[in-house]
Number of protein chains: 2
Amino acid sequence: MSATSLHCSAPAAAENVQDSLLLSQPLILQERQQQQQEEQHRTLRRSASNTTSQVAIVGSNLCPIESLDYEITENVLFKQDWRSREKIQIVQYIFMKWTLCFLIGFFVSLVGFFNNLAVENIAGLKFVITSNMMLARKFMAAFIIFSSSNLALALFASLITAFIAPEAAGSGIPEVKAYLNGVDAPAIFSLRTLFVKIVGSISAVSSSLNIGKAGPMVHTGACIAAILGQGGSKKYGLTWKWIRYFKNDRDRRDFVTCGSAAGIAAAFRAPVGGVLFALEEMASWWKSALLWRAFFTTAVVAIVLRALIDVCLRGECGLFGKGGLIMFDVTSADISYHLWDVPPVILLGVIGGILGSLYNSLLQKVLRIYNLINEKGTVYKILLACSISICTSCLLFGLPWIASCRPCPLDPSEPCPTIGRSGNYKKFQCPPGHYNDLASLFFNTNDDAIKNLFSKNTDAEFHHLSMLIFFVTCFFLSIFSYGIVAPSGLFVPVIVTGASYGRFVGMLVSSHSNLNHGLFAVLGSASLLGGSMRMTVSLCVIILELTNNLLLLPLIMLVLLISKTVADAFDANIYDLIMKSKGLPYLEDHSEPYMRQLTVGDVVTGPLQLFHGVEKVSNIVHVLKTTGHNGFPVVDEPPFSESPVLSGLILRAHLVILLKKKAFVPTPMQMFSNSFNEFLADDFAKKGLGNGDRIEDISLSEEEMNMFVDLHPFTNTSPYSVVETMSLAKALLLFREVGLRHLLVIPKVSGGIPVVGILTRHDFMPAHILNLHPMLLRSITRKRLRFQLPSWSKLL
Amino acid sequence: MSATSLHCSAPAAAENVQDSLLLSQPLILQERQQQQQEEQHRTLRRSASNTTSQVAIVGSNLCPIESLDYEITENVLFKQDWRSREKIQIVQYIFMKWTLCFLIGFFVSLVGFFNNLAVENIAGLKFVITSNMMLARKFMAAFIIFSSSNLALALFASLITAFIAPEAAGSGIPEVKAYLNGVDAPAIFSLRTLFVKIVGSISAVSSSLNIGKAGPMVHTGACIAAILGQGGSKKYGLTWKWIRYFKNDRDRRDFVTCGSAAGIAAAFRAPVGGVLFALEEMASWWKSALLWRAFFTTAVVAIVLRALIDVCLRGECGLFGKGGLIMFDVTSADISYHLWDVPPVILLGVIGGILGSLYNSLLQKVLRIYNLINEKGTVYKILLACSISICTSCLLFGLPWIASCRPCPLDPSEPCPTIGRSGNYKKFQCPPGHYNDLASLFFNTNDDAIKNLFSKNTDAEFHHLSMLIFFVTCFFLSIFSYGIVAPSGLFVPVIVTGASYGRFVGMLVSSHSNLNHGLFAVLGSASLLGGSMRMTVSLCVIILELTNNLLLLPLIMLVLLISKTVADAFDANIYDLIMKSKGLPYLEDHSEPYMRQLTVGDVVTGPLQLFHGVEKVSNIVHVLKTTGHNGFPVVDEPPFSESPVLSGLILRAHLVILLKKKAFVPTPMQMFSNSFNEFLADDFAKKGLGNGDRIEDISLSEEEMNMFVDLHPFTNTSPYSVVETMSLAKALLLFREVGLRHLLVIPKVSGGIPVVGILTRHDFMPAHILNLHPMLLRSITRKRLRFQLPSWSKLL
């Protein structure tokens, strides 16, 4: 069971996953000898002396990280169910689906707005109090207030995260992305997680940690969508009965996609960007109907936010500053750029790409160290969070003292020094008529810092050195802040860091360029985002929606293309790296070159567990208890058919329900008509996430154990199948595109047992395949040589 | 053969397709009796007395509209080829693919720019000359010049289209969309078509017909991409040898997708909109790597266009006016709207949706009538085009006389009346100091009319009645202009019509709304586009990029959502309607409800043609000559194997190559090693579109006819297959998602012949299925009742 715990404890370091796969998949090279395998099936299934060591052999399926099932299950019962659906039910279904999308958009926008409002007020209050103390020149007291309030907020966030919902830590984007790929990590969409994610994110962001709120918003959106889609939370008694149509993985997946789109839309007020983000980065399956649904959801977000902001613009939101949710408006009709502005922009893109990949690899390394600390226990987790908070407070308060005071400009576009909450010219320790440029960046919320950096007509505001200090501090602070046990996003820190980097480059080349420093900051953000997150269209649209300036489009496209290309030469997308280090079995949409050389038969492992069409109860119980498989082939043999015939595939969940309902007969016989009276299709509907029954909870008498079950009505009679000689690449295409959980492998030559094995998601994982076929490791030297090829070859 | 010609003559009316299917698929209800079918195979294949009537039975495959093959073909030869690819070749492949994308973007932007430049200059010259004559009050002469130049231009466009490339008629978007779905209509991507599309579009648009240039630009982009991707045109001796890697359907599909994205990007200067258009409307398969590639292509377009426009802004482009390629800039920082602005916008959306679906159904009816005329001969086609041109000229010149002259505003934002080429205040017949508001709209290019309608601070410029006249005229003119034999788009006419409709509504409700009339025009365009083309995200982004105003976003989203929802209740997307009326077998990504009740075995029709592993040459020739199938199962029987084994699938194209190479042996025997020496994988590479060899071109001697061929090395040993009991809906999912051309159906019970039949694209067409199963027609009454459900059910 150690394999399981390692595999599923999130986050586990990448090496651990390798180990767990080594443990769970012994290096039995499968020889594709039909007879031998056939022998195995029989002996293993029939013998009652199965030891627990069998469990380890099929270990990869034991992990509580379940995979989702997007296949249309075709058993007799479900077919009846579909036929019995009336027109009115179909209309109800459509209506409910749209209503849910509306509700998702509505709730997500409310949460997004409330989130911003809370952060702006809590952080604003903190800054107003400390600023007032600074004005009274009580510097020490100001520092104590500042750092202790930060510590308290960070402590609160990490406490609730560690004790109530550890799944809420981090950004949540990797988990949601894995879910949309078909990996169901436990408890990521529970009501508990949702609560901690919202409250923890507000508290952590208010504590001036260098973390963002966009990632948590995506997770929040997905959570809201998942909870609404499964009809509320059963655990807390909040359930809606009328959402009975969505008890399947496909509809839930669609809702979660819409929810994550709404999350980005609410975080950045970027509705189109949200849809594109969900499409480009999150979703693994997509169709145009879903595009429209996501668009509808984000439109609701946009309209609700717009109405709520109208309220705030009337000044009824307390300390709601200029940064929160208001666009970083860099509109100016006179932006003009020419051919000679292109080289600096290209340079910005190249360095941005290098910085982005450096950022990813450093973050990955820091996460590994943090994992070692976090594994030691909850106290260590919280101590880590607190120490990061204290360090951050010291840096934010200490570093501005380095900067010399600068005299206010003669015709400032806004009051100098800043009065009240947010502004470009923070006074800090300076004498009247002066401002501290570093404090304007550090001693502010991230949103305000971005606004300052993006602002135009402020080319003289910042000193070279200040900008460099700010950039370096942000770069490292954001890397060290992400891994703590609190909800924390990556978007905003990367935007701040990128903006400071871009503005610094702008200062260096300003004599050779027409572009103002604010535009350089925008392009710098784009380059670092492109280098770290590796999105294209969605980032482009998000930046456009943030800055509200379409004239920048060609330059932003150029920067994104260059920085992504450069960064792809070094390492992968930050979310993929985090996902990999958490051990989530993400199925890529492209196959590795060696998969074309392997056949499906080469990777089918382990003894095959199969059932007869009419099976003894004790056999079923035994197999269910000793293996972790989620699907079993059902085969009819001579008493019931002329030759062995593959009847289909039965799911563990359905078997458990059968056992629970105790629909047994004393002798082995088929009984078609009776079974339907006892079962409704609703019984087989997918339960809420992680709420299915377990075999251990079912107790059966000795007599019952000797009875039989007719599995035929509950068997999916036409599962997708491939011939054993098909290449792995081709089978992966089918598995991935159709969204399967099980793929039956049938023999090339008929006559023997009509099924060779079952492929699951784990069988397609490169680590698993390379373990099975160490001779492919021979080509690892080749792999090392073309270190940069895998990331390139994705583009094929 | 009449079935074929009806089915493939483009455009054929929808009824004809029904007829052709009736002809080609006799109503043999398949009883799934294994033995009977088996008998059939043998007798049919073995008997030499096959009459030509057999051809009709398998007619649906005979049609020159081929389907494309996205399956990974796994025969021994191809596997060897992949293994022999060196690292350097992979790098070459990647490099070439990006280079081609760059070239596609570059050429498409050049064509787009040249297209605009030519239209602006030709149409501009025409308007300047006639305006000058009007100033000299030579009204009759002006009309003659105007209408005769229009007629000459339209005649030229229709002449080259009718005689050189009839495939270039229309917008081309339906054909490209069908191609990306896997339907290869003949000659749509030839060099001839490209030439006619570019020249014809310039000439037709310049002739003041109410047609657009965006559709033809998409076709042009796709054409350029396809021609570059297949290494130039063999027919005209323009070939590049170095593009040998892209001789397959998958790579070509990717290029064509990028090309169509580039087309929209060049037509509207909307690079992000172009990518989204290709994604939402055009592509049937999509992955994130392709998203990036399309983004790169459109970024090239954006940058090249930007550079070229810089040249024009310096005034070096002749009569290049404000409309062409310059954005319809409606930026204003002070756009503010509140809750009470929403009801008029919702009204706009609802009426827009109704108008849009009305537009679609009228256009479809007009196209049917035009088809009847066009089928009579080329002369009729050209006469039709000329009469439409004359009518248009009369309306454009005649209608402004209705409008009364309006005095110039006191503080006009631009000269009044207009001097020179383009402007808001056309003088027409009016006295000095006055302008004719209808002439400002009619007597202008469409681009300039849109610009006038979108412009702000011109609320008093137009009279109610003028706007209504303009709207009605545009609405009908665009419907009657689309079907003529010339390249003609739908985007721009719909934008103009929608803008006038929106502005008219804006005038009616102006007393109750804050929004200015220009904004109403933008929203009106959005609503009509949404009602007719039914896109969401892409239209939204295209409109944003056209108008350069992000603050409008929530309103545009709202209008699009409403108009699409309303219109979907009535009929389908305009491109789908045109595609259907052209008889292109488009495979939807959702299945009809009745497909869940049918099994795959229910739709497998016709006698199955199969080959032995080692087959007699005369048999192959006979089968190839008497059927139109593109793929044949290969079965090994007792002399070569113990029991009948399905060896795989062989393609017609590969068989023809085998026959051409004459790799025969005198006796039936397997010969593995020899075959490879004679063949290179390149021999089997997909030829350029429609350039494959034909069986009729191969002549064989009597002696050769009696020899044998070993098909094993050339057989795809692991084609995708489904069990005959699988539901059609589930099989369709596999067929569609993986992008297949053939799907093997295997029997549930092994023992007999190991294959039941082959499914192709045509077998999934609703018309075909309903023909096979007339008992489903029983539910047609049900279908009629829920007339509006099918379009809704797409959203599930």
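Every residue, even glycine, has its Cβ placed from backbone N, Cα and C.
The shown structure was predicted, so the numbers you read here are calculated from the model rather than taken from an experiment.
Taken from TrEMBL, the feature transmembrane segment covers A:93-119, A:139-165, A:255-278, A:290-309, A:345-362, A:382-403, A:465-484, A:490-509, A:521-544, A:550-570. What TrEMBL lists as domain 'CBS' is A:715-775.
Just going by CB pairs under 8 A, the stretch in A:93-119, A:345-362, A:382-403, A:465-484 that sits most against the transmembrane segment (A:290-309) is A:93-119. The transmembrane segment (A:382-403) is in contact with the transmembrane segment (A:139-165), judged by 3+ CB-CB distances under 8 Å for residue pairs 6 or more apart in sequence.
The helix, strand and coil residue counts that DSSP assigns across the domain 'CBS' (A:715-775) are 24 helix, 12 strand, 25 coil. If you look at the transmembrane segment (A:139-165), the same-chain residues 6 or more away from its ends with a CB under 8 A from one of its CBs are 122, 126, 129-130, 133, 187, 190, 192-193, 195-197, 199-201, 203-204, 206-209, 378, 381-382, 385-386, 388-390, 392-394, 396-397, 429, 484-487.
Beyond the transmembrane segment (A:93-119), the same-chain residues lying 6 or more positions past its ends with a Cβ under 8 Å from any Cβ of the stretch are 198, 201-202, 205-206, 213, 217, 220-221, 224-225, 228-229, 242-243, 245-246, 251, 255, 258-259, 262-263, 265-267, 293, 296-301, 304-305, 308-309, 312, 317-318, 320, 324-325, 445. Same-chain residues lying 6 or more positions outside the transmembrane segment (A:550-570) and placing a CB less than 8 Å from one of its CB atoms are 330, 335, 337, 341-342, 345-346, 348-350, 352-354, 356-358, 360-361, 519, 522-523, 526-532, 534-536, 539-540, 543-544, 788, 791-792, 794. Averaged across the domain 'CBS' (A:715-775), pLDDT in this predicted model comes to 86.
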